[in-house]
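**Q** Before I ask anything, here is the structure I am working with.
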Amino acid sequence: MAQRPLALIAGALVCALTLVPVGAVLWRADGLSAFGPGAWQALRFTLWQAMLSAALSVLLAIPVARALARRRFRGRSLLVTLLGAPFILPVIVAVLGLVSVFGASGLVNRGLDVLGVPGMTIYGAHGVILAHVFFNLPLATRMILQGWLAIPGERFRLAASLGLSSREMFRVIEWPMLVRIGPQAAAVIFVICLSSFAVALTLGGGPRATTVELAIYQALRFDFDLGRAAMLACLQLALALAAGLVALRLSGRAGQGAGLDRVVPRWDAARGPARALDAFAIGLAALFLLTPLALVALNGAPGLPDLGWPVWRAALHSIAVALLSTALCLIWALPLATRRGEVVGLLGIAVSPLVLGTGLFILVRPYVNPVALALPATALVNALVALPFALRILRPEAEAVRTDYGRLAAALGLSPRLWLTRILLPRLRRPLGFAAGLTAALSMGDLGVIALFADPERATLPLQVYRLMGSYRMEAAQGAALLLLALSLALFWLFDRGGRVADA
Amino acid sequence: MLTLEALTVRAGDFALSADLSLDAPGRVAVIGPSGAGKSTLLDAVAGFRTPASGRVLWNGLDITGLPPGKRPVATLFQDNNLFPHLSLDENLALAIRPRGGRLDKSEAQRRDAALSRVGLGGFGQRRPGEVSGGQQSRAALARVILQNRPVMLLDEPFAALGPALKAEMLSEVRRVADEMGALALIVTHDPGDARRFAERTVVVAEGRAAPARPTEELFADPPPALRDYLGT
């Protein structure tokens, strides 16, 4: 099928595009800037917030997952589906929603005001952690729910026939599972939060709430200090690599969302208090996750008609970037959809977008104004970052097509072109649609590299929302955020739908 | 004539050797215990496995290095004989034009004739999933007819069918092979299949494919390896 050379080219490109920028960063960092107190502080905050975010997300997820595991109610499957949604939810949209709930004039503070209690502010370290919990509570819940549903029903039946109390049952059956899954979930979330940029950019900042990623951005954007940016990028690289290795060891194959529709049959949880507790956990989680999004929709709708040209232009940029990075990502993913290719693809996730961005910045600066490359660079980095997810989705299916039909194709002597267009692509329609949807939505909502490079002319929609927020034009920001949310979901839906339409 | 000349095929730490010739046209069964290397032998003929040593010859021509699509060989696999997302017509078109392009009028006629020949006239628009298991086997046979190669390999092809359908398909294959003047090799673990279908039989056992012998003669006086397998 003559695909080996293509796979080698694609793999080499991924390696080059991730390793060369990293190399550029390492080369520039060479003794250019000492590890100052600012870097220490950023490192300490990064570790501290990631740890706290991971711990809180997992602890809060346990009662929610338990309730979802043992209750069947209307809307349960919708809720479980929604738990997967933060993956394609633009960070800036969620942040705006959280501000509407917990911000200075948000719901909570208005409530506190009525009660005469002093208000709270969402900006600062606790805001960063709040947003991280918002994003990762659903992930933790899904992972733990998976753990619960993986416990064989026979064990619960045996426990019920022995007449174990709820407490005993927890100790004997559920606690061992939690001890296993809990740390895995925490490790994954810890790694995710280590490279938190958009949340720290919007809600953090200042010496006491700056992550390393944010510090890289500040060094480049505000101080034009390439040496310090490079030094910080090396620090981030070391962090991500170390944490990634730990997480890889801890996490087996958790988090693959199959079969979450089951409910564990329970005989101990029918009594009133248990029911009330479960209802409370699910209700609170739903409220916490859905209110911010509902507020974005409610507050954003009135602003939609008069968004203004800069917002629309940014939206067009974002759509172009999303489509370009989707195309890039899929063109990459197809030849790499093998076991080895998947390992190569992981590079994209091991290296943080800001480090990649810094490297690209260093590389292109002698030749062109980096600003001119803001949009293509963003599309490229987004494609690299989405590649591991696309491969995770495509690889098993692509391998199945090869094992099932490779011999028939070889026996017929099908040309490589015909194999690709008539067999492989049509057979991969569904996973391709899903992967394309994820990539497009991820890229649409990304607020990372673009912030490094962009000028007002070349903003993407998430950056435009951030700028409106920064200039305290909250109504316009909310309108633009609603547009962003709608576009992200629409792109995801269109691609995913396209893959599901009855095979042509 | 298909010749396997001092052939050794390795699969993992398993090795199969063969040194034999088969006359064309003819119908040959390949029989032996599971894991003995029946499919490995067919793979070497079809080009899915490169032999460690020795040669595969067709009418004196060395085909050892040819890729599967370029060999004078058409294969009916155990399963996955048709692409499930393509209609029967489209599947058969790929057999005629494996490098793409539209069928011309005479090619389309050939395709329709092949479908009619296996009793599937008018089924061309359906996909494999929309016809029965027996009809799928027939469509796969139509595909082999269209490939029009002098060697037909059948690797336990009708294992998923019931006994009556299987017998029917075997006699169908027999008819087609005879009409095409092809050499048909069928892998089976069922002595009944061998006796029904094949004039001659190759026993594969203990890492070796023995030269073909007339089927009836073989079963009348089975060698030790076959006797162990048959349990007689």
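Cβ coordinates come from backbone N, Cα and C, glycine included.
Relevant sequence annotations retrieved from TrEMBL are reproduced here:
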- A:43-247: domain 'ABC transmembrane type-1' (DOMAIN)
- A:48-69: transmembrane segment (TRANSMEM)
- A:78-102: transmembrane segment (TRANSMEM)
- A:122-145: transmembrane segment (TRANSMEM)
- A:185-206: transmembrane segment (TRANSMEM)
- A:226-248: transmembrane segment (TRANSMEM)
- A:276-295: transmembrane segment (TRANSMEM)
- A:311-495: domain 'ABC transmembrane type-1' (DOMAIN)
- A:315-336: transmembrane segment (TRANSMEM)
- A:343-364: transmembrane segment (TRANSMEM)
- A:370-394: transmembrane segment (TRANSMEM)
- A:432-454: transmembrane segment (TRANSMEM)
- A:476-495: transmembrane segment (TRANSMEM)
**Q** Applying the under-8 angstroms CB criterion, which one of A:48-69, A:276-295, A:343-364, A:432-454 scores highest with the transmembrane segment (A:370-394)?
**A** A:432-454
**Q** State the non-local partners of the transmembrane segment (A:276-295) in its own chain: residues 6+ outside its ends, Cβ under 8 Å from one of its Cβ atoms.
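**A** Tertiary neighbours of the transmembrane segment (A:276-295) are 60, 63-64, 66-68, 70-71, 79, 82, 89, 93-94, 96-98, 100-101, 107, 134, 137-138, 141, 269, 485.
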**Q** Within the same chain, where does the transmembrane segment (A:48-69) have neighbours whose Cβ lies under 8 angstroms from its own Cβ atoms, ignoring anything closer than 6 residues to its ends? I mean 6 or more beyond.
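**A** Same-chain residues near the transmembrane segment (A:48-69) but 6 or more away: 76, 79-80, 125, 128-129, 132-133, 136-137, 139-145, 147-149, 174, 178, 182, 185-187, 189-191, 193-194, 196, 209, 211, 263-264, 277-279, 281-282, 285.
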**Q** Report yes or no: does the transmembrane segment (A:78-102) come within contact of the transmembrane segment (A:476-495), defined as 3 or more CB pairs under 8 Å with a sequence separation of 6 or more?
**A** yes
**Q** Let me spell it out: take the transmembrane segment (A:476-495), skip the flanking residues so only those 6+ beyond its ends count, and list any with a Cβ under 8 Å from a Cβ in it.
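**A** Apart from its flanks, the transmembrane segment (A:476-495) reaches 88-90, 92-93, 96-97, 100, 293, 296-297, 299-304, 306-308, 311, 314-315, 318-319, 322, 326, 433-434, 436-438, 440-441, 444-445, 461-462, 464-465, 468-469.
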